[in-house]
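Colleague: One structure follows; several queries about it will come next.
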Amino acid sequence: MTNEQNLAQIGVVGLAVMGSNLARNFASRGHTVAVYNRSAGKTEAFMAAFGETGNFISSETIEEFVASLERPRKAIIMVQAGAATDAVINQLADAMEEGDVIIDGGNALFTDTIRREKEMALRGRHFVGAGISGGEEGALNGPSIMPGGPVESWESLGPLLESIAAKVDGVPCVTHIGPDGAGHFVKMVHNGIEYADMQVIGEAYQLLRFGAGLEPAEIADIFAEWNKGDLDSYLIEITAEVLRQVDAETGKPLVDVILDAAGQKGTGRWTVKEALDLGIPTTGIGEAVFARALSSSLDQRAAAQGNLPTGALKTFEDLGISREEFIEDVRRALYASKLVAYAQGFDEIQAGSAEHDWDVDPRDLATIWRGGCIIRAKFLNRIREAYDANPELPSLLLDPYFNGELKDLIDSWRRIVIVATQLGLPAPVFTSSLAYYDSLRAERLPAAIIQGQRDFFGAHTYRRIDKEGSFHTLWSADRSEIAVES
Ligand code: ATR
């Protein structure tokens, strides 16, 4: 039902949970919201449940839906990523006019977003790929939103998105990230960081549970305590909740009856694939993605259990450390590893931005990730301050504040990596992050050997530390060195 007097400021296509919640969020901020879903049953169910809670205009066809929107029309697509998104984009573009804005709020691969933006620009439509984080709850009450696309579209879209975004100190958790695929790229890396953040929390749990022998409820208390300090974050907070939960059926801690095989929908994997292409070592995110894959290799794990030699392991008691000291060491190792994951994620965003000429400002990300999204954390204020003080920071780890923190963390971090190894407990992100850290600060890396090997077997040449140019040693002749034109 539409009439000229009552047009919607925004439309939502796709009324599964995320789409419904986003539509309700817009309506709760006083906007009139057009809603449409491919199968009309879902639209009817939505209107029956929420039609009275705000101003909604429902439509049964995409043409009717488009006609119910104010110009320039703005419609957010919240359907399955991939072919469904393409189908809906084309239906909307057919029904829309020059200057109208199509927003994809799903987790699209940023290269698809770049392609779609080009196709839509040729048809005179603005296409905005917007990453939306915060899950169902965030979509309803205030997500963190990362829109890309043409800057002109931000003028009309910005105020609408600002109205529904989470707010921290009155600042909305949304800003225009950059052209075409910038928003979805940044959302992808956000999710990659989320993977690493979740994994380091998991590693801390594993050490406290199976190293120090603490019960889930005790660890819940520890996490709740950590949540009051440097680690204050949504993920730490919900981990305490998960650990406290008791299974109604068995009376056991829920964490003990959940199958330990982690799922994934792909954004972590994309982050790592892209990092490989950009040549950015996002080792923390990579280990986190692999840890999920390993956890899900159930047959292989079953075959290996009890069948791989462990060597001489120590027990926690053998180590002669106090529980209190150990708990604090674990906290510090978690914090340090988390810092590395963020530093690497920001490196990837800056490399992606340079590669695609997006001009993404890292300060914006630190600002809009402080609320609404899954990795929201107090710590992001510090990241913002770090880039405010030096926008050209070569690595977050070199910011004076974080550098000072690392001074306090490093000894604990090393101890935990040693202890985890002695106990035979895997801590892949703690361990590889420390290797990254030691590699980054090393005066000499074994890469000189690799260059020597490459020159030996493939005449790939090497550079020298003491003069310009490329060189090759005549390995199979007299082993003299020649300068090579590069
Ligand atoms: P969730 O995981 O929350 O269920 P999803 O699978 O990402 O959500 O998306 C489901 C939404 O995509 C639904 O609104 C679905 O429409 P139907 O209710 O008609 O199934 C929509 N969707 C999927 N494929 C679509 C297509 N080809 N065209 C239009 N909408 C489509």
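Even glycines carry a Cβ here, placed using N, Cα and C.
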Colleague: Among ASN107, ASN307, find me the residue TrEMBL lists at the same substrate site as SER133, GLY134, GLY135, HIS190, ASN191, TYR195, LYS265, ARG292, ARG454, HIS460.
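Modeller: Matched candidate out of ASN107, ASN307, per TrEMBL for substrate with SER133, GLY134, GLY135, HIS190, ASN191, TYR195, LYS265, ARG292, ARG454, HIS460: ASN107.
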Colleague: Helix, strand or coil by DSSP: which one applies to HIS190 (substrate binding site)?
Modeller: helix
Colleague: Taking just the CA atoms, what is the gap between LYS187 (active site, proton acceptor) and ARG292 (substrate binding site) in Å?
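Modeller: Counting only the Cα atoms, the answer is 20 Å.
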Colleague: To the nearest whole angstrom, state the Cα distance for the pair GLU194 (active site, proton donor) and GLY134 (substrate binding site).
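Modeller: Their Cα atoms are separated by 11 Å.
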Colleague: To the nearest Å, how far is the Cα of GLY134 (substrate binding site) from the Cα of MET18 (NADP(+) binding site)?
Modeller: 10
Colleague: Counting Cβ atoms within 10 Å of each candidate's own Cβ, which of the binding-site residues ASN37, SER39, GLN80, ASN107 comes out highest?
Modeller: ASN37
Colleague: Do you know which of the binding-site residues ALA16, SER39, GLN80, ASN107 end up with C-beta under 6 Å from ligand 1?
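Modeller: List returned for ligand 1: ALA16, SER39, GLN80.
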Colleague: Taking DSSP as the reference, which of helix, strand or coil describes GLN80 (NADP(+) binding site)?
Modeller: coil
